[in-house]
Amino acid sequence: MSMPSAPRPPIGAMMRHGRSVLEMAIATVVGVLATAGFQLVAINGLSPEDFGLLAAFLAVINVVSVGSAALRTSVAVTVAEGGTVTPARRLRDGTLLEAIVLGGAAAAVLLLASPLLATLLDADVRAVFATAAAALPYFLFARAQGILQGRGRARAVVWWTTGSQVAVLLFAMVVLLSQGGVDGLLLVVVVVTLAFTAGSTWHASRGMAPLSARAFTSGGVVVLAITIGFAWLTSADVIFVRAGVGGDDAGAYAAAGVLVKALLIVPATLGLYLLPRFVGRRDDAAMTRLGVNVILAITVLCGLLMVLATWLFGPWLVGVLYPESYALTSQLLPWMALMWLPWAAAQGVLVRITAARSRAGMVIVLLVVALQTAVALLTLHDLEAFMLGYGLTGLAALIALFAVHAATSRTLPPIV
C-alpha cells in the first residue's frame with residue numbers, strides 16, 4: 001500500500017511567494033548598485049590610501065550595523081513567535097530597551113577605543129567619533145526593521161535599506177564635489193542613518209499592536225551572539241589588512257571587496273524572507289531542510305558565477321571602474337571571490353541556525369572568531385597567505401554549521 005504524498009502548496013501561493021521574492025531581488029539589486037556606486041564615487045574621489053582609511057572605518061561601521069542586524073534578527077524571531085500577543089501580566093517593550101542598551105554600549109566602546117583606533121588606522125580621532133555617533137541610530141533602525149520582518153513584511157525591510165543606500169550615494173556625490181573628504185563621507189552615513197531610523201520607526205509602529213516582550217532572554221542572547229560574531233567574521237578582513245599591510249595595497253584589497261562582497265547579499269536577502277518562516281515551522285524538519293538547500297544552491301551558484309566572471313573579466317572591469325593606481329585589484333578579484341564563497345554559503349546555513357536559536361551554532365561561531373583571529377595574526381604580512389587562511393577558515397565554518405543543521409533536522413526522511 002503506497003503512502004499518501006505530501007500536499008503540494010497551491011499554485012497561487014507559490015506565485016505569491018515568487019512575486020515577493022522577485023520584488024525583494026529587484027530592491028536588493030538597486031541597493032547593491034547604490035552601495036557599489038558609493039564605493040566607486042569614493043574610489044574615484046579619494047587617493048588609494050584615503051580610500052583604504054575610509055574602507056577601514058566603513059568596516060567598523062559595518063560591524064556595528066551588521067551587529068545591529070543581530071538585534072533585528074532577535075526582534076524578528078520574537079515577533080514571529082508571537083511577541084505581540086499580550087500576556088497575562090503585560091510586559092514592557094523589551095526590544096526598545098535592548099536597542100538602547102546595545103547601541104549605547106557600542107558607542108561607548110568606540111569612544112573608549114578612539115585613541116587606539118585612531119593610532120592603529122593613522123586617522124583623525126574625529127572620524128572615530130563620527131563612527132561612534134552612528135552606533136545607537138543603527139540599533140534603533142535595526143529594531144524597526146526587525147518588527148517589520150517578524151510580521152512578514154520583508155519587502156518593507158528591503159526597501160528601507162535600499163532607500164538609505166541610495167540616499168548615501170546621492171549625498172556622497174555632493175560631499176566629494178565639495179571636497180569633503182573622508183570626514184564628510186562619514187558624516188553623510190551618520191545623517192542618513194538618523195533620518196531613516198526615524199522613518200522606519202514610524203512605519204513599524206503605524207497601525208500595529210504594541211509589542212510586549214522581555215528584554216535579553218536567553219534565546220535572544222544566543223541570536224545576538226551568533227549574528228554579531230558572524231558580522232565580525234565577514235567584516236574584519238579589511239581592518240586586519242589595513243593594520244597589517246596598509247597603504248595602497250590595503251586600498252586595492254578594499255576595492256576588490258567592494259565588488260566581491262556583494263555575494264554576501266544573496267543569503268542575507270533570502271534570509272530576510274525565510275527567517276520568520278523557519279521560526280513559524282521550527283519543528284518541520286522537511287521544510288527547514290528544503291529551505292536551507294534552496295539558499296545553499298542559489299548562493300553557491302551565484303558564487304561560482306562570480307568566480308568565473310572575475311577571472312574572465314576582472315582586469316577589464318577594474319580598468320573601467322577604477323583609476324590606474326588600483327591595478328593590484330584585478331589580480332586579487334578572482335581569489336577573493338573564491339575566498340568569500342564558503343563564507344556566503346555558511347551565512348545561508350546560519351539563517352536556519354539562528355531561527356532555531358541554536359546554542360551549538362553560537363559556540364561554533366565564537367570558536368571560528370577565535371580561529372579567524374589567530375589565522376589572521378599569523379598571516380597578516382603576507383596578503384596571499386592571509387586570503388588562503390581566510391578562505392579555509394570560512395570552509396571550516398561552513399562544514400561545522402552544516403553539521404549542526406543536519407544533526408537537528410534528521411527526524412524525517414531526506415528530501416530528494
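Counting starts with 1 at the first residue shown.
Cβ from N, Cα, C; glycine included.
Look at TrEMBL and you will find 21-45, 51-71, 99-121, 127-144, 156-178, 184-203, 215-233, 253-275, 287-312, 332-351, 363-381, 387-407 tagged as transmembrane segment.
Sequence-distant contacts of the transmembrane segment (287-312), counting only residues of its own chain at least 6 positions beyond either end whose CB sits under 8 Å from a CB of the stretch, comprise 259-260, 262-263, 266-267, 270-271, 274, 277-278, 281, 333-334, 336-338, 340-341, 344-345, 347-349, 351-352, 355, 405, 409, 412, 414-415. Between the transmembrane segment (253-275) and the transmembrane segment (99-121), the number of CB pairs under 8 angstroms, six or more residues apart, is fewer than three, so the stretches are not in contact. Across 184-203, 332-351, 363-381, stretch 184-203 shows the highest tally of CB pairs under 8 A with the transmembrane segment (156-178).
Tertiary neighbourhood of the transmembrane segment (21-45): same-chain residues 51, 54, 154-155, 158-159, 161-162, 165-166, 168-169, 172-173, 176, 185, 255, 258-259, 262, 265, 269-270, 272-273, 321-323, 326, selected by CB-CB distance under 8 Å and a gap of 6+ residues from either end.
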